[in-house]
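Below is one structure; the comments refer to it alone.
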Amino acid sequence: MKRHRPVSSSDSSDESPSTSFTSGSMYRIKSKIPNEHKKPAEVFRKDLISAMKLPDSHHINPDSYYLFADTWKEEWEKGVQVPASPDTVPQPSLRIIAEKVKDVLFIRPRKYIHCSSPDTTEPGYINIMELAASVCRYDLDDMDIFWLQELNEDLAEMGCGPVDENLMEKTVEVLERHCHENMNHAIETEEGLGIEYDEDVICDVCRSPDSEEGNDMVFCDKCNVCVHQACYGILKVPEGSWLCRSCVLGIYPQCVLCPKKGGALKTTKTGTKWAHVSCALWIPEVSIACPERMEPITKISHIPPSRWALVCNLCKLKTGACIQCSIKSCITAFHVTCAFEHGLEMKTILDEGDEVKFKSYCLKHSQNRQKLGEAEYPHHRAKEQSQAKSEKTSLRAQKLRELEEEFYSLVRVEDVAAELGMPTLAVDFIYNYWKLKRKSNFNKPLFPPKEDEENGLVQPKEESIHTRMRMFMHLRQDLERVRNLCYMISRREKLKLSHNKIQEQIFGLQVQLLNQEIDAGLPLTNALENSLFYPPPRITLKLKMPKSTPEDHRNSSTETDQQPHSPDSSSSVHSIRNMQVPQESLEMRTKSYPRYPLESKNNRLLASLSHSRSEAKESSPAWRTPSSECYHGQSLGKPLVLQAALHGQSSIGNGKSQPNSKFAKSNGLEGSWSGNVTQKDSSSEMFCDQEPVFSPHLVSQGSFRKSTVEHFSRSFKETTNRWVKNTEDLQCYVKPTKNMSPKEQFWGRQVLRRSAGRAPYQENDGYCPDLELSDSEAESDGNKEKVRVRKDSSDRENPPHDSRRDCHGKSKTHPLSHSSMQR
């Protein structure tokens, strides 16, 4: 059908926006469908294309239009298909629909899922073995890094590329691996050559060093085992290398008949078990199926249980089957290979009937036969063999040492460079550095071989019941040790706690005692250093005192007139104890104390205790209260050396002792009372008696001091009891005596009278000639009269003191007597 061009009102239809419906009518006519009166949805418009066209004469900027150069320009004349009524085009409506969860209708059971290849790994997982193999086994140290920096500078000057750290680590690893592999091969080759050309090499089966034509000795090129052709069943020696059965399969099995590995082994019928050919020959129950090929080994099951139960006398292992000594009376068992290693006598005897008999002897019978052989042959063949063996060993060790020193000759730089794909120059630098570093490390490898690392790993083993029982037994023993340690630690801590508590109690009692003495205004008799450190032992010193002035002689004569000169004059003390001493004499005695001559002082030491007790009981209160001058002069002005010297004087006297004195015993009533009084209240007695401070105090110390060893061996308990007793006595000392019963006061006076009538206890600690008595009997009688006159004058001049001092003097007497009576 011919297409007609529609009539246009303009000259150029391209410029008029007319619309042609001819094509639509044409399509409607052509379609011949029932809906021919229906309006079309699309129409073709040409005006859009005509509006885009420009005439060729129209001048336009070349940048503002496009030039069509294709050949399908005429197709644009047909028009563009557009919707007939754009307003009636339906608008799409959208809504979001929730995703529907798919119901799982079938779940594949996991028990039916199996991995076909155990080596394959799932995607996303890492194979640890592959990762470990890919990691380099050598790490650079600081020296390597510094050297690598210098190498890169030299390579940059040469115009070569640098070498990074990872590449150097891989190069060193390859060098070590090549060196290790080539050294192992060289050692095997050297060992094989040594065995092959050694005249003393023997067959591993028959133990014979001889060979003959057609029965040559063959060596395995891998394990270097030496066998005869007939012994191992080699029908024809192959050209080139030869490997034994186990080396062909690449395994290293263990013999079922002995605990040894390696050697000339053959398999059984099943092919799963291996046994030495020598073991199969020497054990009578075992046989070989094909003697020509010497395989397979059969009748292992015919070995009786009694043979399996035998224990080897050489290796002490109950493994495999043992043979016994051929001597009928000997039952010693041993493995065949153990007998070969220890050099036992193993004989192969060919019988008349072409039967082979095997004779084996234990260590004892082999030595007897060797001794008989040495008697027949005087040549020391054994010594020569040992020397040859030692020479062979030393030669082999020397070869190995030379091989280790020349390790660098086993590595080729070209092979390493080809394997790593590196330039030969860089590899050669690293090779020389590796050689120097290994030389500085005594030719030792820079890291251990891989085989050693794998062997060093702990392989899991099947735990048997015996192993578990042994483990539990060791665990129980360890727990028992822990329990004992815990008990010992707890006991130690308890002892430390009790020790600390005792020390705390001692410290508290000491502080309490010191506080009470300070409150009472008394001197600190028991100071801290006296309780913690015991007094030193008594020492007798030889002193030379300077000559005194006339005033000192006058003062000393005044003092000596008031005291007895010897123990014989003790009766005069009792006769004048009721007399009063003038106050002037008291002051004069106190002031002139530091300048006493030692000769006159020694005369008064023996009678000072009795005189002080009598004066403390019956004298006036003026005798019981010391003055401040006496306190400061008597207790604080004595050096330690002088006290020690006078302490030794107290037991000398006139060089005589009283054998009838009851104070020689320290465990009686009176003796213990005197010791307790003089020891505990020595400071108070010095003030009450108005005597020199060292007289009664040191006499009491001389009667109750023990040796140094006894003082230092006192326990904490004894020390605590001593402080407790001192505190109790001090409390009795401070308390007033109003509450004391007349009976207790009476007993105290009786004990005081008894102790005053006796001389103090004397100990012969030593003799000092410079401190001897110097006054005579006549002088002492004259001094007695002067003492009586001064006492009468003091009674008339000095009034009695207050009752408080009197009570204070009584409190020093009665508590002491009361405590002594209780003891």
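Quick reminder: no glycine exception, Cβ is built from N, Cα and C everywhere.
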Based on the annotations in Swiss-Prot, which residue of K39, K638 is described as N6-acetyllysine?
-> K638
Can you check which of 252-286, 392-426 Swiss-Prot lists as zinc finger?
-> 252-286
Considering the residues S23, S57, S774, which is the one that Swiss-Prot annotates as phosphoserine?
-> S774
Going by Swiss-Prot, point out which residue in S31, S360, S608 is annotated as phosphoserine.
-> S608
Going along the chain, which residues six or more apart from S85 (phosphoserine) have their CB under 8 A from its CB?
-> K39, A41
Structural state of S85 (phosphoserine), classified by DSSP into three states = coil
